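Asker: According to Swiss-Prot:
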- 2-214: domain 'Glutamine amidotransferase type-1' (DOMAIN)
- Cys88: active site, nucleophile (ACT_SITE)
- His194: active site (ACT_SITE)
- Glu196: active site (ACT_SITE)
Amino acid sequence: MRVALIDYGSGNLRSAAKALERAARDGGVAAEIVVTRDVEGVLGADRVVLPGVGAFANCRRGLQGIDGMVEALAEVALVRARPFLGICVGMQLLADEGVEYGRHPGLGWIGGTVEAISPADPALKIPHMGWNSLDFQADSHALLAGIEPGTHVYFVHSYHFRPADPATRLASVEYGGPLTAMIGRENLVGTQFHPEKSQAAGLRLIANFLRWAP
């Protein structure tokens, strides 16, 4: 199995690659983890991981700046329906648009907008950074197998995904109000938290992704 980790200048590639490799090894999954910005490499992948750090618009431009990359990702994820995982801004890019430093189009694969976090408690600082506990909205999802509600995972973000369809929100986190922590439909899943930084729970989610057959 070939897993493409997309290199477009906006992701924690080293830590994400190491987490994917460890999850595969510990989980007994035969997986080749390939960090790539090559369109043909993406088209040949069995699974795709899209990381992302920084501003929404910069990440979108980074993807668009690789000739044919957005089209290749759409072919693999939407047409061939191969498992796709977006991490942090990689998840946010699945939305219709982001409003960080203006209005910018997302990939539009899961309806919704990416908006600034505005906690009800003014004492809460932005960005939302550190460990926080997950609340599950979905009855079950394959990527959450073996992970209990209330499990702590690691976040660093100032913007959040507000889904058009609440049913696509798989998990939330409380930070002066509920924020989307995990989103998904069909073969697409995104996490606002960083599984590669979330220790045992993060490795479990990644291993689940590597075994996932949506």
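Cβ coordinates are placed from backbone N, Cα and C, and glycine is handled just like the others.
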Asker: Roughly how many Å separate the Cα of His194 (active site) from that of Cys88 (active site, nucleophile), to the nearest whole number?
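Answerer: With the alpha carbons as reference points, the distance is 6 Å.
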Asker: Work out how many Å separate the residue listed as 'active site, nucleophile' and Glu196 (active site) at their Cα atoms, rounded off.
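Answerer: About 11 Å separate the Cα atoms of these two residues.
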Asker: Mean pLDDT for the domain 'Glutamine amidotransferase type-1' (2-214), as a whole number?
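Answerer: Per the prediction, mean pLDDT sits at 94 for the domain 'Glutamine amidotransferase type-1' (2-214).
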Asker: With a 10 Å radius around each C-beta, find which of these active-site residues (Cys88, His194, Glu196) has the fewest other C-beta atoms nearby.
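Answerer: Taking Cys88, His194, Glu196 as the active-site residues, the minimal 10 Å Cβ count falls on His194.
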